[in-house]
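Student: What follows is a single structure, and I will ask about it in a moment.
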Amino acid sequence: MISAIVILTISYIVWKYTSQYLDRKDRAHAIRCFGLATLLLLAAQAVTGECMFSLANGWALWLYLSYLIIPILYYKANRYVHNMDNDVPYVVIDSRRDIMIPLYMLAFCSLLQFVLGWYLPGEIYVSILVLVNFLLQILPVIYVMHYRLYGDVLSEGAIISVQQTRWQEAREYAYAIFGIKGIVFFLCALMMHTYIYIWYFGNIYGKGQGYVLPHPLITLVILGGMAVIFYKEYTKGRILIAWKRVKERLETERLYAQEHDKRYAALQVDTQNALIANAPGTVILVIGESASRDYMHVYDSSLPYANTPWLEEKLNDENFTIFNNGYASYNLTMEVLKMALTESSQYNKIDFSESISIIDIVKKAGYKTYWFSHKGRLGQENVATTMIANTTDEYRGPSQNGEIGYDKDFLELLKNVSPQDNNFIVLHLMGSHAYYEARYPLGEGRWNGGTVEETYANTILYTDELLKEVFEYARDNLDLQCMFYFSDHGENLQHGHHPSIRTADTLRIPMFIYLSDRYRELYKERADILKRNKNRFYSNDMVYNTIVGLLGIDSKHYEAKEDLSSSQYNYDKEQILTFDGTMYITEFE
């Protein structure tokens, strides 16, 4: 009884500490839940005859304490988040469910161990409990590691980044964050953890069994009831609910592919004054990855790494416009590109699943479309970019074995593009995605001191060389009329890019646009406006409208006010949004 009272007191204190702005109804609900937890703990003790602080319950008690960390970290991360909906200044936090989960888990695990020990031989008993313990410890370990790395708790954005990461990208990320030593240490710790628990469960097998209830069936009924209560509460925890919301969101986005043919059939465009009618040729869109202009010499000549020699050559080239104040609409690739490549944006609130893409527009105008990419997906999630890429005439994704090549491999693919066609080509780079050393061939790095700054500078230099080679090949062989380059988001050199890393360098992106002499002759006014706007502030979800405008394709799925080549563009710094419209860039400047 005393041990149960102590545990309930600790839980109540944590609940009070990690909750804020609760009303009477919330508090009453919490009290009822504490009452149920009391009954479960007392029932577990009655069946097992064991104090909750006994050696036999040590593993269950450790799980209980581990899960108490979750509401504490959530409160630390969110207690000063401003609340715009109610009279209270900060968001309402009710950690009741995050407190009940470890309480119900403690009662259930204590009784589970007793029942398994009563009915099963030692080897099976140990194996099952080691597995159960391992699975239940995954969540708090991930939660703590995430908080330690990023200073924030797992959010829906973080879960999206996990769900949309390929296995090789995940391996490279692990190398970048932890290094070989960190990974080896983790594996050794995992083996030691497993060994300790095998020894522990083997040592307590058959011990601590006091008295039992009159009939085994009663014990099993109590255990089953606890299992149902624990499972229902566990699946309603913050992390699993966020995971389910992300899954539901992705399911909704799949409507994009399901309804695409119907939308495309209804799409109408006017090409009378379009580039394709007056200057046939090739248009190239290059999508960079994790390139931050904070670490590019063309934007900051004081940097010690001259990693953009070709771009710097183009600073005074009238055919090139290098933009100085571009920002990412998010720092997660999928969230960026589903807006950058479609009419959906932070400003018009058009739903992605109902939107028209840049591929739809240019195909309807008469371009043959290509998508060359090293980017793919983990598992079977249909990410937005893959659904858009699948609508092109020719899509070349990652190799069948899932290996990621180098971006210069695209040069060979360009040679298969016919110069007789009007082509719209998308090159989706790996760019500067961590692990940086994997982005360029061994031995081709200019700076080899082994620091993060040097390896990142090498990736920027490699991309600069690629852009030069793509441009020169397309100009000489494919009748290049326009070339666009922008990065999906930036990068923080200490933490990479992540929804929880909300720093300016993860948002500040490079962008340039090349217009041929023929284009500038035909569309002088538009080219001049584009050049004048090079210092205007914008977010990269405006790329879609800028491309449509530059190509001169008239459609009702075009907003001139989001087009950097239009006289109607009227956004200033204070109006530019980021993080899916939840923040202004002025919060980072």
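Cβ atoms here come from the backbone N, Cα and C positions, even for glycine.
Heads up, here are the entries from TrEMBL:
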{"type": "DOMAIN", "residues": "282-553", "note": "domain 'Sulfatase N-terminal'"}
{"type": "TRANSMEM", "residues": "29-47", "note": "transmembrane segment"}
{"type": "TRANSMEM", "residues": "59-78", "note": "transmembrane segment"}
{"type": "TRANSMEM", "residues": "99-118", "note": "transmembrane segment"}
{"type": "TRANSMEM", "residues": "124-145", "note": "transmembrane segment"}
{"type": "TRANSMEM", "residues": "173-200", "note": "transmembrane segment"}
{"type": "TRANSMEM", "residues": "212-231", "note": "transmembrane segment"}
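Tell me about the surroundings of these features in the structure.
Tutor: Long-range contacts of the transmembrane segment (29-47) within the same chain: residues 1, 3-4, 7-8, 11-12, 15, 22, 94, 96, 99-100, 103-104, 106-108, 110-111, 114, 212-213, 219, 222, 226, 229, each at least 6 residues beyond the stretch ends and with a Cβ under 8 Å from a Cβ of the stretch.
Within the chain, the transmembrane segment (59-78) has long-range Cβ neighbours (under 8 A, six or more residues past its boundaries) at 7, 10-11, 14-15, 17-20, 52-53, 91, 93, 95, 98-99, 101-103, 105-106, 109-110, 113, 129, 133, 136-137, 139-141, 143-144, 147, 151-153, 197, 200-201, 237-239.
A Cβ distance under 8 Å defines the sequence-distant neighbours of the transmembrane segment (124-145), meaning residues of its chain 6+ beyond its ends; these are 59, 63, 66-67, 69-70, 73, 105, 109, 112-113, 116-117, 153-154, 193-194, 197-198, 201-202, 205, 237, 239.
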